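**Q** One structure, as structure tokens, below. Some questions next.
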Amino acid sequence: LQAMSDNESASEEDWLALRPQEPSPSQCCSSGCKPCIYDVYEKELAQWERAKAMQDKSLLMGKKEQSTNSELNPDTFTAFSVSSVEQLTEDTYQYKFELPGNSSLRLSLGQHIVLRGVVNGLEVQRAYTPISPRNAEGYFEVLIKCYEAGLMSQYIKTWKRGDVVFWRGPFGGFPYQPNKHGELLMLASGTGLAPMIPILQSITDDEEDETFVTLVGCFPTFDKIYLKPLLQDLARYWNIRIFYVLSQETSLEKLPWSYQENTYTGHLNEDLMKTIVNSCRRKPFVLICGSSAFNEDMSRYLKAAGIEEDSCFVF
């Protein structure tokens, strides 16, 4: 009898060791992913409970926490290798990841993917939007701002070429259709530029798409504007206008002449919003991406400028 109870308790311990761990709040990226990490946990827990009730561990074989087949998946984390690291500003980097052969991530416009990192034994997850073109083959690129005290930033700053990191997705996105809107007004603060880039590129790549675009990029200083060469190229298209709002610049005199006429100093406030909205060639549909405070401010200024909520999309 004693031997039997020892076996039973060992079996119970085995099952407890296989029980999926409930995610901590730091593991949720708060971007409204479907499935969220909590959805994945509930699914794995139900699978574990079913297997335990039937005393059949083979029912857990389908459980995959991560994959190495380089096929992006919303349910499991997949390994991707870092192929290059480029520092854009003092705290912002562009990372390039390998995809096997000529494969593509096949993201919809503005979709984000979720990164998993482990810092001091704590798992953290954050959402980022790839800036590479949708049809990019063999690679994808992500723009990331690193914060001094950020947990994920501590992990990201250690990356070098050849390192393997784990992503899952895609999630979200803006259901863009060519020529659906007469004009898109894009309001981006800092790395909020990321979801705008693939949409801009899809418009300029499609000769049939005659959507006007006004992009307003908000940055502290001229030196901190990301992806200047790419933005300059896009601004050469007949239907694309790009404005910059630089909160910490006091004068435009030191800026290159090509930037002076389309740059404002100070903050994007209610008056400047009205000026920009009134300068649009058609009534705009607005895309907003930045911090939660930025997004709230922009929504308020847009309302004052006569743009209602149903004409806005917040990433």
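Heads up, the Cβ atoms here are built off N, Cα and C, so glycines get one too.
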**Q** Can you dig out which of the ranges 1-29, 59-87 TrEMBL describes as region 'Disordered'?
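**A** It is 1-29 that TrEMBL annotates as region 'Disordered'.
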**Q** Provide the three-state DSSP residue tally for the domain 'FAD-binding FR-type' (75-177): helix first, then strand, then coil.
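**A** Helix, strand, coil within the domain 'FAD-binding FR-type' (75-177): 6 helix, 51 strand, 46 coil.
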**Q** In the same chain, which residues outside the set ARG126, TYR128, LEU143, LYS145, MET152, SER153 have their CB within 8 A of the centroid of the CB atoms that define the FAD site?
**A** LEU115, VAL142, ILE144, CYS146, GLY150, ILE156, THR191
